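Visitor: Pasting the feature list from Swiss-Prot:
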type	residues	note
REGION	1-318	region 'Ribokinase'
MOD_RES	179	N6-acetyllysine
BINDING	195, 196, 197, 198	ATP binding site
ACT_SITE	264	active site
REGION	344-477	region 'Cytidylyltransferase'
């Protein structure tokens with residue numbers, strides 16, 4: 001069956017809800033503090049990611065849809081960081097600034113793939129005047145195909161009933177990711193998307209699928225909902241609608257590494273698909289496929305159109321092969337969570353020969369996963385001259401990715417991969433030739449993180465330069 005993705009580029013979605021900033025501090029720890037019996041973390045990497053309703057908006061934008069985000073923030077660096085991060089991924093922010101409150105921020109400190117502590121910076125926004133939120137919704141209703149209300153019980157949706165009524169009056173479907181057990185607040189919504197535990201907290205424990213359907217249909221009637229989608233983890237999803245047979249969809253997840261933010265992905269894909277003009281059943285099909293992709297990633301993540309297309313066509317992304325830098329970071333984090341040793345090397349790899357193959361096979365034997373970082377065409381030209389590369393970057397990466405020894409291939413634009421290596425921090429950095437370890441780009445960063453640096457020998461008689469010279473001589477002859 002041929003599956004066509006929705007026309008996401010024509011979809012407009014507004015997300016209103018509790019926005020927050022997720023901060024991550026990473027670093028090694030090798031000693032206990034003399035001040036208290038706690039580990040000392042030497043922070044060497046800091047990451048900031050939009051969370052809560054902001055992650056829903058990112059999921060919508062990652063599909064190519066037009067995403068607008070409305071929420072409450074403080075007037076602080078966290079709000080500015082959120083705005084910048086979201087603007088970078090084409091989310092249009094229209095925050096209501098509340099000078100008396102901080103932007104909700106969650107700071108996590110991690111070392112050796114373990115979260116040591118989480119610090120929350122927040123004050124509930126209950127009691128804040130909701131009128132500015134209502135005004136922003138009203139202004140957008142004529143230009144959107146769906147309204148998402150993302151509830152994390154932080155106060156932005158204190159007036160959720162008024163928001164539902166505004167959208168329904170304009171004929172715009174309202175999708176809500178609920179929080180808590182008071183579903184009366186969501187009366188009249190188009191679709192609620194509770195997970196199974198949230199659903200059972202309202203209707204009671206369900207022993208069978210039939211009980212889920214029976215109690216779900218009663219909930220729809222009690223709260224005048226148009227539909228209910230219960231996400232059931234490894235058992236997939238169940239869509240319930242009045243007058244229609246239940247639609248049960250099995251999970252499409254190949255491997256589950258992290259369910260963080262999966263609900264955000266589901267409601268984001270649902271909204272974008274509906275706003276593109278597809279049916280609710282089709283929206284659930286695509287949302288289920290997207291959930292299967294995102295739980296295979298570490299941390300709050302989004303799904304690209306290519307990943308979604310692969311998933312719905314039965315070619316779910318394996319998490320290996322040619323990757324972007326951001327995709328690689330997620331793949332490496334997942335590998336470390338599985339206890340795998342990550343090896344990294346780099347080079348031009350212009351005309352792949354036996355020496356390259358032997359070298360990469362030997363490098364792979366030193367760990368569980370091998371990353372190959374490849375010079376871009378411009379970088380290669382600067383290093384090797386105007387006649388190089390012979391093979392363009394895309395072809396070089398595809399050939400490398402086809403080798404059994406290579407797990408991940410990524411490119412870099414600079415003359416050296418030092419910045420890239422500093423961002424990945426492999427357990428083992430490998431380089432071929434007659435280098436000294438301290439001369440290798442990225443060695444200082446790897447050592448500082450507790451990793452190793454090793455020089456491997458190349459096979460004698462194998463050289464790209466010699467191959468090119470031989471080809472040129474043969475042409476002359």
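Just so you know, glycine gets a Cβ as well, placed from its N, Cα and C.
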Visitor: Would you mind pulling the DSSP three-state label for residue 198 (ATP binding site)?
Guide: helix
Visitor: Measuring CA to CA, name the entry from the recorded positions 195, 196, 197, 198, 264 that ends up nearest the residue listed as 'N6-acetyllysine'.
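Guide: Going through 195, 196, 197, 198, 264 one by one, the closest to the residue listed as 'N6-acetyllysine' is 198.
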Visitor: Could you state the CA-to-CA distance between residue 197 (ATP binding site) and the residue listed as 'active site' to the nearest Å?
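Guide: The Cα atom of residue 197 (ATP binding site) is 16 Å away from the Cα atom of the residue listed as 'active site'.
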Visitor: Taking every protein chain in this structure into account, which of the recorded positions 198, 264 has the most other Cβ atoms within 10 Å of its Cβ?
Guide: 264
Visitor: Using a 10 Å radius around each Cβ and all protein chains in view, which of these binding-site residues has the most neighbours: 195, 197?
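Guide: In terms of Cβ crowding, the pick is 195.
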Visitor: Compute the C-alpha separation of residue 264 (active site) from residue 196 (ATP binding site), stating it in Å without decimals.
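Guide: Counting only the Cα atoms, the answer is 15 Å.
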Visitor: Excluding 195, 196, 197, 198 themselves, which residues in that chain have a Cβ inside 8 Å of the centre of the Cβ atoms defining the ATP site?
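Guide: So the extra residues in range turn out to be 194, 199, 200, 201, 230, 231, 232.
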Visitor: Need the DSSP three-state call for residue 264 (active site) to compare against my parser.
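Guide: SS state of residue 264 (active site) = helix.
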Visitor: Pull the DSSP breakdown for the region 'Cytidylyltransferase' (344-477) and write it out as helix, strand, coil residue counts.
Guide: 57 helix, 26 strand, 51 coil
Visitor: Can you give me the same-chain residues 6 or more apart in sequence from residue 196 (ATP binding site) with a CB-CB distance under 8 Å?
Guide: 206, 212, 230, 231, 232, 233, 235
